[in-house]
Amino acid sequence: MKRNTWQREAVRAALDDAGGFVSAQGLHGALHASGSPIGLATVYRALADLAQEGDADSLQSPEGESLYRACSTADHHHHLICRNCGLTVEIEADAVETWARSVAAENGFTQAAHVVDVFGLCAACTAAAATLREPS
Ligand SMILES: [Zn+2]
Ligand SMILES: [Zn+2]
Ligand SMILES: [Zn+2]
């Protein structure tokens, strides 16, 4: 049975508003800024619950931080994430699905699952960085 406390609903709504991937601390900061008295530990717990039930995607940043996002689809998918502005693009990766299945089968693995997310600089941030570097 799902626990639908107000804390959880608040976290869910804040996640929707955030758009891209956010850390528990980032989300807690946003909730506080909007006047919510919710505690950081509660935010951590609510995010873990949402992720476990498939209501949110979770991934590890290259720095090892857990990030969460309310994704547009519960179907298996991958992400391109801008490490500068947090822009997230949901992508399908048929080549990855095929490769993961075959490499698992070759090694006798069943029920294989994988998480593949690509971090980089989005087009806008790449253009902004180029402008900064150019002496005008
Ligand atoms: Zn997603
Ligand atoms: Zn960006
Ligand atoms: Zn995949």
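One-based numbering along the chain as shown.
A Cβ is built for glycine as well, from the same backbone N, Cα and C atoms used for every other residue.
Among the candidates HIS32, HIS76, the one that TrEMBL lists alongside GLU97, HIS114 as binding Fe cation is HIS76. Geometry remark: HIS114 (Fe cation binding site) versus CYS82 (Zn(2+) binding site), CA distance 21 Å. The 6 Å Cβ screen around ligand 2 retains CYS82, CYS85, CYS122 from the binding-site residues HIS76, CYS82, CYS85, GLU97, HIS114, CYS122, ordered by sequence position.
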